[in-house]
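Undergrad: I grabbed these lines from Swiss-Prot:
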ACT_SITE  C654  active site
ACT_SITE  H820  active site
ACT_SITE  N845  active site
COMPBIAS  101-111  compositional bias 'Low complexity'
COMPBIAS  114-149  compositional bias 'Polar residues'
COMPBIAS  150-168  compositional bias 'Low complexity'
COMPBIAS  502-515  compositional bias 'Low complexity'
COMPBIAS  521-545  compositional bias 'Basic and acidic residues'
COMPBIAS  564-574  compositional bias 'Low complexity'
CARBOHYD  N84  N-linked glycosylation site
CARBOHYD  N130  N-linked glycosylation site
CARBOHYD  N459  N-linked glycosylation site
CARBOHYD  N554  N-linked glycosylation site
CARBOHYD  N583  N-linked glycosylation site
CARBOHYD  N684  N-linked glycosylation site
CARBOHYD  N984  N-linked glycosylation site
REGION    101-173  region 'Disordered'
REGION    500-577  region 'Disordered'
SIGNAL    1-34  signal peptide
Amino acid sequence: MIFFNFKLNRMICPIFFLYIINVLFTQYFIKCEGNKVTVISHNNGHNDNLDVNKNGVISQENVFDTSESLNLPSNKKVGSDDLNTTTISFTVPDNLENEVKVVSSSESGKGATVSHTKVTSEGLSDTQPNVTQSVSSSTHTPGSLDSTMSTEQHSSVSQSSLPTESSSETLNKATVPEIPIQINSGLLKNYNGVKVTGSCGSYFRVYLVPHILIYALTKYSVIQLESLFNDNARIDVEHKGELQNKCSEGYHFKLVVYITHNVLNLKWKTYKPNEESKSEDSDVRKYRIPKLERPFTSIQVYTANSKAGVIETKNYNIRTDIPDTCDAIATDCFLNGNVNIEKCFQCTLLVQKKDKSHECFKYVSSEMKKKMNEIKVKAQDDFNPNEYKLIESIDNILSKIYKKANKPFEISKDLINLEDLDYQFKNELLEYCKLLKKVDTSGTLEEYELGNAEDIYNNLTRLLKSHSDENIVTLQGKLRNTAICIKNVDEWILNKRGLTLPSESPSESSSKSDSYLNTFNDKDKNEDKDDMSKNSKEEFKNDDKENSDDQNNNDSNKKDDENNINNGDTNYVYDFDDDDYDNNSYEKDMYESPIKENKNGVIDLEKYGNQIKLKSPYFKNSKYCNYEYCNRWRDKTSCISQIEVEEQGNCGLCWIFASKLHFETIRCMRGYGHFRSSALYVANCSKRKPIDRCEEGSNPLEFLRILDEKKFLPLESNYPYSYTSAGNSCPKLPNSWTNLWGDTKLLFNKKVHRYIGNKGFISHETSYFKNNMDLFIDMVKREVQNKGSVIIYIKTQDVIGYDFNGKGVHSMCGDRTPDHAANIIGYGNYINKKGEKRSYWLIRNSWSYYWGDEGNFRVDMLGPKNCLYNFIHTVVFFKLDLGTIHVPKKKSWKKNVYFLRHNTDFMYSLYYNNYEPETSQDFESENDYDNAFVHGQSDESDETNKEGKNVHNSVEKKIQILHILKHIKDSQIKRGLVKYDNINETKDEHTCSRVNSQDAEKYEECKKFCLTKWNECKDHYSPGYCLTDLYKGEDCNFCYV
């Protein structure tokens, strides 16, 4: 027996010794495979795959966020056809508050305990996270109430050593950023819902994909719901009554969101740390959700840390309603930061050369299927030979105009001197202008004398100095500005200014056009009264009638040249003006009226949306246009986005182009669709002498007078614009021409205020609002939301020229006498170089697409403190009754919409609302919330003086951002990271920062190729596919751009 034991011991000891070695050496076994570093942890059966992404940042895949035993799936690439996906089923828990979570991924600050992976760092920047990684093991400590059994990923960043904004360091190291976001979120174990906890003062969003968005501005204890299935109707949780739980400094909050029996439940609670059980009962709100064609598929939580320069998106998968293969492609697009998952999904199918019979094509839009053959044609095949040559010439000039051309383009910003121009480069400049003249359709270079090589060099370098921070994509577009080739470039702008102010009253009017529209008699009054009475009786008999913000340009919307028959597939639109509102309370009128709940305390979201629609059918709180942000041109499916930038040429007809754009946006908002109207018709039907039409200015009053007298406005295609023809006689009207004016009537404003009121026309001078600019801003926002745009009068002389940089935000003063008419088409928020939160107007000019930022520019709403006049001298809007038309009915939800798509400002506003200025305020009262989105004046004005001279530099701060994305499914986390050199890139539907390379060393090459070739592919239906086709290699993936 002893012998047996001895032999057994001799056998067991080596085995035990080998087991100990195996445990020690395989605790963290690192496997290198290409650019992927896989860290396999055998602690408790967890497998952490750390992928070095395109920026050199390690991302973790297959991190199991639970302490339960799990069957590990085999490692597969995202997008592989055999990736397994399962559906989680949910039941209602008996006690929701004590329910254990399956998944919790939280960032709770420095010093938090972690399990399996602990990452520490030194340093923090306002703009850029960049920390090194260390790996260790630790044991998770469960909390008390609502504690989880899950493994949690905690984050922390200290505040010292991250590179500053001006630092040359980037995120090209293998790093895992630590996120001091004080928001924790987790998926409820047996329920369709999440719990979000954190410190009061943060701003976050919860998205129940694809139907409901929840906004939480905890600093003001404001929680709002937006129902995406019902025209984006937004409701405040305090509709039912004031919240009992209020956030204060030092308090924490808890928000529980879950769905049961088609009812959305919200539970909100605030408490002092470690005193949650002692705090008051939670505020509870319930909302009934209508039966929807598509179920809820995931819950997303969006958070941001402005100091660390981090935005985080977590996607908790609760249901998969598409095949695993297709879901894997969509997940891959999500993890690479794509804002339009459908386009990325389509591009991936094309690049992978999937057959049309493939199951994933069921989830592709019908529009894409129709354009399949078009997509497979290279973008440049549509170019004429001169376009090829011009593109090549621009690239050559940009490669030679900088001294350090041998370095990467973005680093090389030193321009060569005039004496450095050699004979070959001079010829290149001359040839460039000849090509530009051939492809230019505005006729500008036909009118002006072309400059010599020295003139062109001076004009070009002046423009490049004004755009020193822009990338090659922007500069390629700027070099299509024809002004660069003019000998005396300052003459380019002289005839583009053409505004004269109207008189303030009929008695002071020296112009027939002024007095004509001031005439308002009892007959007009009675007609308007009858029309309004008729409209109010018949308006919106059908609840399905839709606002035209989402209306496509569709021939069925024509009034005169199309035969629309009401066969049950269309609704009537009865148009009337909707301007009679109290500027101080219109938001309250629209969104804060009492809402009835049923006996169980449940509010019906569908009924509420219909109620809002009936209150103001044209006032739509769209995700592309709301009180905080508005840019309908970003929504490529909208009617307004089809309105192109105009080029008035060498003629002072800015007043016509500003007026016609305003008229066209009103038509879009009223459901008439977009049909480009003829500016030349208005110009040539003016009663002024032909020789004066381009040289003497006018204003929107004359625009209305001409059309009201003629009762006709043809299409642009009927009577095309050429500024050289703006001296001809008023044309005779062929029967084949379309009349866009139709039955339009001018209405008279009945409210008394500080404005110039004319028939069909109202104007407000900012000087009257000097002590109450918030009222002015509210009024303008209202009009832009309601009518799509407003007309503005501004001063451009010695302020705005051909080289004006429209990319940034300018803080400029105005002048007593404006000289130019343009349009405000949107607005938004930004952070200036001093770290102050500010707001801007988005302005559309009529100086061509290649001027400013694709024809637009942004201006601070309030401007510098020392201004005598605001940059916006006057705002003008029309009051029109357009009559009635037929518009197609639209279903509440498209069956082929399967993928996430936010508006382009979604990430920026998330960051902005979490941003705390350096002169941060303490917790404000709830009454301060009303002014939270319009921010005051600062001393910052760059090169601005009281008269507003020569402003070129942007006052907007450049902020680098790291976007961390987490996809949580079956208790498994997959991560993606995208770095943006400027947070404004998150506003772009496409950006080369999202290119991907299997070889990390090839990332910069892929990004540079994308930037260089972008202008060739940007108008292609699938730019990612176009870039892939041009690249020909296999190292780059462009579908994520």
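From the backbone N, Cα and C atoms, a Cβ is placed for every residue, glycine too.
The model shown is predicted, which means the values in this text are computed figures rather than measured ones.
Tell me about the setting of these features in this model.
TA: There are 28 other Cβ atoms within 10 Å of the Cβ belonging to C654 (active site).
In the shown protein chains, 26 other C-beta atoms lie within 10 A of the C-beta of H820 (active site).
Mapped onto three states, the DSSP output places N845 (active site) in coil. Shown in sequence order, V645, A822, W851, G852, G855, N856, F857 are the residues of the chain, 6+ apart in sequence, with a C-beta less than 8 angstroms from the C-beta of N845 (active site).
Sequence-distant contacts (6 or more apart, same chain, Cβ under 8 Å) of N459 (N-linked glycosylation site) comprise G451, A483, I484, C485, I486, V489, Y802, D803.
Around N684 (N-linked glycosylation site), the same-chain residues six or more apart in sequence whose CB sits under 8 Å from its CB are R693, S725, A726, G727, N728, S729, C730, P731, listed in sequence order. For the recorded site, N684 (N-linked glycosylation site), the DSSP three-state label reads helix.
DSSP assigns N984 (N-linked glycosylation site) to a helical segment in the three-state reduction.
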Undergrad: If you measure C654 (active site) to H820 (active site) at Cα, how many Å is it?
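TA: With the alpha carbons as reference points, the distance is 7 Å.
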Undergrad: For N984 (N-linked glycosylation site), what residues in its own chain, 6 or more apart in sequence, show a Cβ-Cβ distance under 8 Å?
TA: K807, Y908, E956
Undergrad: Could you find out if DSSP has N459 (N-linked glycosylation site) as helix, strand or coil?
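TA: N459 (N-linked glycosylation site) sits in a helix per DSSP.
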